[in-house]
Each structure stands twice: as C-alpha cells, then as structure tokens.
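In TrEMBL this protein carries:
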DOMAIN    283-443  domain 'SSD'
REGION    1-23  region 'Disordered'
TRANSMEM  60-81  transmembrane segment
TRANSMEM  284-302  transmembrane segment
TRANSMEM  314-335  transmembrane segment
TRANSMEM  347-369  transmembrane segment
TRANSMEM  390-414  transmembrane segment
TRANSMEM  420-443  transmembrane segment
TRANSMEM  491-513  transmembrane segment
TRANSMEM  708-727  transmembrane segment
TRANSMEM  734-754  transmembrane segment
TRANSMEM  766-787  transmembrane segment
TRANSMEM  799-822  transmembrane segment
Amino acid sequence: MDGKKNGAINSTNGHVSNGDIHSSKEEPKLSCLQKISHKIISVLETAFYRLGRLIGTYPWRVMLISTIVTGIICIAAPFTFTESADGDDTLWVPVNAKVLDYKSWVESVFPSTVRFGTMIFVSDNVLTPTVLSAMWTIYNSSISLTTGTNNFSTLCIQSGSNCLVNSILELWSYDETTIKAASQADIKTKINTATTSPMYFNSYDVTTVLGGKVYDGSGKIDSATATKMTWFIQGDDAVKDQAEAWEQQLIDLGQKGNSNISTTYVFAIRSFSDEAGGAIRGDIAFLSAGYVIVIVYITIMLGKFNCLEQRFGLAIAGVVVVGMSIGICFSLASLCGFEYGPLHSVLPFLLLGIGVDDMFVIVGALKNLSDEQQKLPLNERIGKALRHSGASITVTSLTDIMAFFIGATTLLPALRSFCIFAAFGIIALYGLSTTFFVSAMTVDVKRAAARLNACCCFYKHKPEYKPNNCSQKEYLPAFILKFYAPNLLKFPVKIVVLVLTAGLFGLTIWGTVNLEQKFEEKWFLPSDSYAYDYLTASDKYFSSGQEQAGVYCKNIDYFGKKTEMESLYTQLTASNYVVNGTVDSWFNSYTDWLSTTSDASVIAQIDGTTKYPLDSTKFYDLLHQFVTTESTGLRFSRNLKFSNTSSVLGLTGSKISFYHPSVKDTVEGFNVLDGIQSLVAGVAGSDCFPYSQIHLTWESNKVIRQELYRNIALAAVCVFIICLVLIANIWTSLMVFSCVALTFVNVGGFMHFWGLTIDVVTCVQLILAIGLAVDYSAHIGHCFMTFQGGRNERVKATLVEIGGPVISGGFSTFLAFVLLAVSKSYVFTTFFK
C-alpha cells in the first residue's frame, strides 16, 4: 500500500484515494461486509495497477491487440442490418402470448394475398362536380401506371370483370362522361339513394368512404369534407416486386395531388417500412453532428488551450473507442440471434454518453496524482491512475450491465433485444476504455513530453516554447474548489437544496402517478412523413373506434358441432365486447338458407324436420354450393378454407366476422381482449379462438406496465447490492440508491408533463435513466468513501476530485443527445425528452 502521498486509507473500508484527507482517530475494526468489499476493491485495484503499468510500458502493442480483437469479433460475427423488423408488430408482444400462436395460424390458413394503396381527399366539400372530376383524373392516371411489363390491369384484384377500386366514383362506374356531367344535385341524390355498387354488384355503404359528413334537416348527407379511394392489387410473392414498384408510383401520384382538391393523403402497404427505415437513415446526420460536438467538447475539457497540451488526438481516440464498442455489441448480439429494431437507433448516443463519462474519470485520475506521483516513471503514473479510476468505472459499468441484463429478461422481444445490445455495448466499452483509451492516453502523454504538436504530431516544438499562461488555468476545478464546494456545504444552502429536491420530488411523483399507458405503432413513423400524415387524417375522418375482428375455428367436425356453432353466434351477438349487429356468421347464414330454400336438390339432402344435412359429406357439399352459387353466401367464400381429400370436401378453417366496440383507454382494451378470449374458450374450448390485429397491441399494453415495474424493481435492487458490496457502507449505498430513485421519479414525472406515455420506448428510457443516474451517483459515492476526516471535509475533497469529471461527463452526455430535439423520429425525440 502506498504512503500518505499516494492516498489515505479510509477508516471504514480501506479504499485508496489520490487525495489525502486525514483523521486523527484510530481506524476502527472492519466489519465483515467491509472486509469483503476491501478484498474485492484490493483485487480490482491491484489488477488495474498491473494493467496500467503494462499499458504504460507497451501502449502501442495494447492498442494493436485491442484493435485486432475488435476486428476479429466484427469479422467473425458480422452484423447485417435489416429493416424487416421495423413494421413487425410482434416485436412488442410478449413471446409467450397466445395471440402470437393465433396470428401464426391465421396467416398460414388465411394468408393475405392482397396489397392495397389508398388516398384520402380533403376539401371544404368533396361532394362537388369539381372534386369528383379531379378524383377521376387521379384514378385515370393510376390505371395507366406501369412497372416493366405489368400495369394496373395485370396486377389488380378482379371483382367480376373489373379491377377492384373502392370509392364513391364506383357509383358512376368510373365513367368519365357520366361523372363530369353530374350536377351537385345529381351527386347528392346518388349518394343518398345508392345501396348497391353498379360496378361490382355488392351492397354499398357510402358512409364508409365519406368523412366529416354533414346532414340536412331530413337526415340526408348534404356534404362531406373527406373521401377515400382504395386500389387493391395482388400480393403473391411472384409479383411482390412489381406490386411494390406500382405502389411507389401510386405514392408519387398521390403526393403530387390535384389543384382542385385541397389536400391529398396517400398510403400503401410498403409505406410503413419505407418511412420507419427512412427515419433511422435520416437521423444519421444527427448522430454524426452529435459526435462532432462531443469531440470538440472533449478536446476543450481534457486538454489545455495551447499547441502542446490540447488533446484533440485523445478525444478522437475516445470516440473511436465508442465506435469499436458499437461494432462489437452489434456483432455479438447478432451472433446471439437478436435483431436490430426501431429502438436500437439510440444505442450510439447511449454508448457515447457512458463512454465519455468513463474517459473523464480516467483522465481525471491521471490529473489528480500528487506532485510526488507526477515525478514517477510514466508506466507507474498510468498504473496508479488506472488503479483508482478502473475500480470506479467498474462499479458504474457493472451496475449498468446488470440493469440491462435484467431488462433482457423481459417478455417483450423489442425491449429484450435492445437490452442485450446495450449490455454487450457497455461490456465492450468497459474493456476498451481500460485498454485502448488508456493506451491512447499514454501515447498522448509521451507526445506532450516529447514536445510534439497536439494536432500535427510530426512537428516538434523548440525548447524555448512555453504554453501561454491563460491555458494553464483550470477553470472548472477552480470553480468547484473556490465557489461550488464551499457554498454547497453552508447550512442554509443545504436546507435550500433539500427543500428544492423535496419540492421537485413531490411535483414529479404526482406526474409519475398520473402517467398514462398508450402505444401506437404509427409513432415510429417520422412526424413529417406522408405516411404519418395519412394515418393521422384517417383517424380524424374515418376512425369510428371500432376494430374488425373474427372468431377462427380450426379443422374440426363442423357437421357435428351444430350446437356449439349456434351457441357461439348467440353469445357473440349478446356480448358487450362485440358491436351490436356486426356479427356475420357463415354457419347461421348457411343454416338459414337450408331452412328457407326451395331448391329440390338441396331439400333432398337435408332432414325434413331439422332442416340440417343428413350426413357430413352432404353438409360440406351443400356448404360449398352455398358460398359459390348463392347470392347470400358469396361473401363468405373468403372466410372458409376448404380441403379436398379423396374427392371428399372438408374445412381446414373458418372465420366468423365481427367488430369490437371503441375503447377509451388501454385498460379497457385488454379487458375486452380477456373477455372475448374467455367467451370463445367457454363455448368452443381450444377449437376456436378470437383474433384481430388490434389484439397484438392490446396484448402488448397488458404487460408493459407490469414489465416496467418488474424490470425497474429488479434493476434497482441489483444496483443497491452492487453498490453495497463495492462501497461497503450502508448509508452511502442508500444515498446512491436514493439518487437513482429520485432520478427515476423525476424522469417519470416529466414524461407526463411532456405528454409521453408508458410504452415500450419509454420503458427503455426509464431503464437507461437508472443506468445513467447510477453512473454519476456511484462515482461520487465511491470517491467519498476513499477519504478520511469530517463529512464536510470529505464532501469537499470528493467534489474537487470527482466533481469535474462527473460534470463534464454529464454535460457531454447532454451534448450527445441535444440534437435529437429536432429529430422527427419518435424514438429520438422521446429519448431527448
């Protein structure tokens, strides 16, 4: 152990500091916890001292080995960026959720082979000859779009002999002459009297394509401010590329709009992945600018304003360390099977913030060596600097790593993936900061000693060169020593700080308690994107709040399940979880047809009393006839999946359609989900299940809050245990824990004031808040325990030694994130807030 000038041994845990605050009291006997902590810290300090001496002796070799190891990892486990997950709604659903099994079954039995493009037209009144004529012009342009050898007529979904395009123009069969000849009165009459599409011969409800409707005194539609047009095209894999190319042309057409229509919004199947992926690529500029700002700040804070002692090269090395860590974490996480998702775009900023904090602590430890220690050989100086700083960043890195590994135990795939990426990144950052960066610092010290220019290391300054006097002033340490620390320790100031802290805590705990839980996938789209604008307009003009859903039944004996199928229909129609009048059951329509038909060939195959088919074969044969030839059954053909084994018909799957009512909040949403699942299971057991796209969102919302509480609680306990073991003082550990808890409450409260909600993204941010908060408080707590003397003396010494690096690290983290304020990405702006 070094003598007084190397540092004083604390009376409670035996840690070694660069400072020297004495106490005349004899050291008390160490407790069991303190002995354990002392042993751990002693082992860490010895290991880092030896590592520091090694690096101080062979800096270039260590840098080369670090670079080679990084290269090997990145090459052996190359990361492949894929945007396929950007619009994958399963990222936000618990991995063990039943709804995922339901989704998989539905997609395999009822695969979607339809793509669509749609436009919303908004004007003061869209039911005018001018607007309808402009809509026809856009329609006519759309059917002329071509992609290679394909055009709309070869890609479209056919309805009879016509391509399927839904809009109010189908009431005039898209005939140019008729549409342009229609008067205002003609339009109003047609809108209020049409019940069947003259083009597709199906029932037609004009209210589904009109938004902002205004009714006259007689209850008829007088005007509307919005209408929409939807094109349906094939979605088979064979034509996917051509379909996507056609969609892009339709998007371009919609964005051009028409001068006679106030606003045109457009959306297609490809829009979400295009725009979400574009948000990530577009924010690379913010990432680059953020790194440049941090490099400038590090250069200013680490060095001095003269040609010899500025540390531009060291700042670059620090950012290189962050870049290498990003490469390692992406490669290792990819090797473990975790995919890049929408949340991961903030990782470079997170690692930059944590990495810069570690750099300031390491450089600060070198600066804080005593005058006698500064005269030691370079490898000894590096060893002693790393001895103290290495132990300090071990505490913070370990707590960060544990917090993210605990977060990785979540059931939500997107959150799990992000936490694994972050944990690997911090491990890499920890290793490279204590090797590559320390090596770069050693080389930089050698450069300065050799009087080589900081920017142009090939130029050697003459012996008579002396750095200017202004550059020798350390403003931040002087501010802390002469102003901040003395004033903070005054009793009235302490009272003011505690009162302000209590007031802020009270305000933000109110905000935290009132945090709402809400999540919408459209938030991942840039707020200035055409897709976001479309979805916003769709919610405004066409959202009834009702959600389409269905009860799907598997390959069961439908003929023998007559009672269950009828009971299912009865209970669905009476359920509060289903909109009244929206249940559309193929089974009930089928049996109604059997009961009322006058077709002799059908009557011959059914029981005269029950009006039910005589056997299973006749049941399926008549059902096939019903959905392929009868007008009342045609609409059910897409809801039934027939099988044909040995010329005997059967069903591998079926669907009963209905609508969920609008829900006012997420709690009501997952109550509806639980209710409808219980209802179907109670009637049909495992033979049938309810499913809708909205069920994925409700399932996610159902667990987000409990996952958040669980992860935060486990991470907080882990942080406390690690701090207790390494700091070995219950009160200091409690203070560190209290700072983390206060930060968590503050962030949660201000989330409410910013208008944010609890969702997967903010769950990640709250876990990050714990990681970043524990960094600063643990540095201060660990440093405080390395000093002896009275509490005020130890606080002052702690602020002088670690205050500068903590302030610099915190401010540099803020600088890394400040540009995110102008981002259009939900993830980035949420992270900034």
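Positions of Cβ are set from backbone N, Cα and C atoms, glycine also.
TrEMBL does not curate its annotations; it predicts them automatically.
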Checklist outcome for this item: On the domain 'SSD' (283-443), the mean of the pLDDT values is 85
Checklist entry - Counting Cβ pairs under 8 Å that are 6 or more apart in sequence, does the total for the transmembrane segment (766-787) and the transmembrane segment (491-513) reach three or more? => result no
Checklist entry - Is the number of Cβ-Cβ pairs under 8 Å between the transmembrane segment (420-443) and the transmembrane segment (734-754) three or more, considering only pairs separated by 6 or more positions? => result no
Next on the checklist: Using Cβ atoms and a strict cutoff of less than 8 Å, what residues sit near the transmembrane segment (347-369) while being 6 or more residues removed from its termini?
Outcome noted: 18-19, 287, 290-291, 294, 298, 301-302, 311, 314, 318-319, 321-322, 325-326, 329, 381-382, 384-386, 388-390, 392-393, 396-397, 400, 418, 421-422, 425-426, 429-430, 433-434, 437-438, 441, 445, 768, 771-772, 775-776, 779, 801-802, 804-806, 808-810, 812-813, 816-817, 820, 831
Checklist entry - By a Cβ-Cβ criterion of under 8 Å, what residues six or more beyond either terminus of the transmembrane segment (799-822) are in contact with it? => result 17-19, 283, 286, 289-291, 293-294, 297-298, 301, 349, 352-354, 356-361, 363-364, 368, 392, 476-477, 480-481, 484-485, 488, 772, 775-776, 779-780, 783, 828-829, 831-832
Item to check | Intrachain neighbours beyond the transmembrane segment (284-302), with Cβ under 8 angstroms and 6 or more residues off its ends | outcome: 310-312, 314-316, 318-319, 348-349, 352, 356, 359-360, 363, 476, 808, 811-812, 815-820, 822-823, 828
